[in-house]
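Asks: These came from Swiss-Prot, pasted as-is:
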- ASP61: active site (ACT_SITE)
- TRP58, ILE59, ASN60, ASP61, GLN77, TRP85, TRP120, SER121, ARG184, ASP185, GLU238, ASP281: substrate binding site (BINDING)
- CYS441-CYS488: disulfide bond (DISULFID)
- ASN154: N-linked glycosylation site (CARBOHYD)
- ASN179: N-linked glycosylation site (CARBOHYD)
- ASN341: N-linked glycosylation site (CARBOHYD)
- ASN390: N-linked glycosylation site (CARBOHYD)
- ASN479: N-linked glycosylation site (CARBOHYD)
- 1-26: signal peptide (SIGNAL)
Amino acid sequence: MATARARAALVFVALLQMAAVVVVRASHVVYPELQSLEAKHVDGKLRTGYHFQPPKHWINDPNGPMYYKGLYHLFYQYNPKGAVWGNIEWAHSVSTDLIDWTALEPGIYPSKTFDEKGCWSGSATVLPSGVPVIMYTGIDPDERQVQNVAYPVNLSDPYLREWYKPDYNPIINPDGGINASAFRDPTTAWYGPDGHWRLLVGSKVNMKGLAVLYRSRDFKKWVKAHHPLHSAHTGMWECPDFFPVAVAGGSRHYRRGVDTAELHDAAVAEEVKYVLKVSLDLTRYEYYTVGWYDHATDRYVPDAAFPDNDYGLRYDYGDFYASKSFYDPAKRRRIVWGWANESDTVPDDRRKGWAGIQAIPRKLWLSADGKQLVQWPVEELKALRAKHVNVTDKVIKKGNYFEVTGFKSVQSDVDMAFAIKDLSKAEEFDPAWRTDAEALCKKLGSDVDGGVGPFGLWALASGDLKERTAVFFRVFKANDSSHVVLMCNDPTRSSYESKIYRPTFAGFVDVDIAKNKQIALRTLIDHSVVESFGARGKTCILTRVYPRKAVGDDAHLFVFNNGESDVKVTNLDAWEMKTPKMNAEE
């Protein structure tokens with residue numbers, strides 16, 4: 001990512017090289033000799049304690065999340081036969097609280113001609129009658145990606161254990177100039193004022209990503225619109241998501257989710273904007289825009305303030321992909337799920353017997369100023385908090401650090417706030433850095449002394465600090481005398497293992513730090529995951545790490561400051577986290 005065309009070309013080459021190292025697995029490169037080798041042993045040393053994952057084998061995209069008859073449902077892409085991608089079906093789990101999960105029988109699996117070579121990602125739509133419907137991408141005998149529908153066998157069953165696929169599938173074929181090998185991941189459908197249902201399917205034409213729009217009166221026959229809902233020159237769009245969010249100026253309850261069914265109310269419709277999120281197959285990042293949607297013309301126009309390209313805002317600046325949101329009617333909120341892939345190697349995954357987790361489900365809403373989305377772990381997560389320690393008003397001078405003791409940090413929730421009294425020592429900010437936070441983080445890592453910062457946490461650290469994952473802030477001074485805050489997750493020293501992929505992840509934080517000279521950081525630590533939320537959820541970064549020494553009781557937590565300006569930890573609350581019921585069979 002860069003501002004100059006020539007530099008952008010170099011970065012593009014680098015991204016391709018990066019993909020060759022690790023991302024190809026996320027792009028579903030097939031290992032025929034490995035995909036059906038069942039794990040005989042599951043190595044639990046680095047398995048997460050409270051993040052969602054099945055007992056063994058490969059998982060990827062979250063699919064069809066919904067709430068039905070008192071239960072949260074999550075389907076997800078799963079290989080029942082091995083720890084690499086292949087044999088994909090929709091595994092199915094249910095929960096009453098988004099924390100404890102029970103595994104059920106697979107919801108959708110290859111069983112018909114129209115999906116005999118795979119059941120890929122999709123979404124759930126709850127019809128006005130209360131009937132839930134799954135729409136998903138099937139791979140047919142000709143390797144075409146087609147869109148199919150499935151209905152519950154028994155609507156009185158809150159577990160929705162069985163699904164049937166009507167014979168009139170596929171309901172959408174890749175006709176009319178659509179690339180049959182790049183046509184997948186249908187969205188949740190929405191009902192328009194003209195009596196038509198609408199949904200999007202991700203696709204591309206050359207390097208242009210497309211959100212292809214389809215309409216239907218009966219949810220059976222779907223007709224392609226003359227134009228996509230939206231497009232941009234970013235490469236293939238996977239896992240599109242399109243949904244309304246409340247605007248603060250129009251509602252006192254702007255943090256609530258908005259159900260598309262409510263949009264028939266004209267007053268509600270005037271108080272919302274729309275979010276279009278896409279997952280970029282080329283870079284394996286996601287980005288989103290916020291804008292206006294015209295129901296009459298079926299046009300979506302992003303607000304000018306939102307970059308409509310791969311420099312755009314992201315849900316998460318780390319290892320977070322193929323996200324899918326849903327409206328939770330029980331608590332009137334929108335929740336987003338995201339897949340966190342492994343960063344180790346295929347042999348490592350086979351040895352472990354598992355690969356992939358889901359990020360902690362997050363509540364999502366539009367910020368009060370309308371400039372970005374904000375995310376925060378669902379409130380139910382607090383039920384797992386156990387032993388607690390607290391630190392207050394502790395000043396850290398340049399080059400100093402302290403250990404947070406009295407609890408086990410390897411599976412923990414750490415919520416803290418920093419105060420910076422003196423911002424005068426902030427380094428000058430080069431405007432060219434604005435489009436490449438990751439490169440800036442890599443250049444100015446946690447061990448590079450600065451003016452204001454770097455300051456933050458060393459998580460999953462060994463006692464001698466030779467292994468550690470840094471989560472930190474660094475403050476710069478811009479030409480207009482405002483301040484720019486950089487947030488980084490730096491795993492370059494996270495493990496003695498040399499063959500794993502350890503990129504720095506970073507994003508800028510939209511906060512006026514000069515106003516109150518404070519910034520908050522919450523970090524969820526879970527054996528091989530460091531999931532951080534800066535400035536109360538304005539910037540989120542998830543990192544996968546694989547320490548060799550900093551495991552179990554040998555994992556430590558430190559707070560550090562390598563900046564000239566003193567930093568005060570005004571408050572730090574840390575909790576050990578209990579292990580919930582995680583996908584044991586009913």
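Each Cβ is built from the backbone N, Cα and C atoms, and glycine gets one as well.
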Asks: Using DSSP reduced to three states, classify ASN154 (N-linked glycosylation site) as helix, strand or coil.
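Replies: Where ASN154 (N-linked glycosylation site) sits, the three-state DSSP reduction gives coil.
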Asks: Out of ASN179, ASN341, ASN390, CYS441, CYS488, which of these recorded positions is nearest ASN60 (substrate binding site) by C-alpha distance?
Replies: ASN341
Asks: Relative to the Cβ position of ASN60 (substrate binding site), how many further Cβ atoms are located within 10 Å?
Replies: 24
Asks: Counting other CB atoms within 10 A of each CB, which of the glycosylation sites ASN341, ASN390 comes out lowest?
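Replies: Taking ASN341, ASN390 as the glycosylation sites, the minimal 10 Å Cβ count falls on ASN390.
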Asks: Which one is closest to TRP58 (substrate binding site) in space, judged by CA to CA distance, out of the recorded positions ASN154, ASN341, CYS441?
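Replies: Nearest listed residue in space: ASN341.
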Asks: Within 10 Å of the Cβ of TRP58 (substrate binding site), how many other Cβ atoms can you find? Include all protein chains, please.
Replies: 27
Asks: Do me a favour and check the Cα-Cα span between CYS488 (disulfide bond) and the residue listed as 'active site'; whole Å is fine.
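Replies: The Cα atom of CYS488 (disulfide bond) is 25 Å away from the Cα atom of the residue listed as 'active site'.
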Asks: Between the recorded positions ASP61, ASN154, CYS441, ASN479, which lies closest to GLU238 (substrate binding site), Cα to Cα?
Replies: ASP61
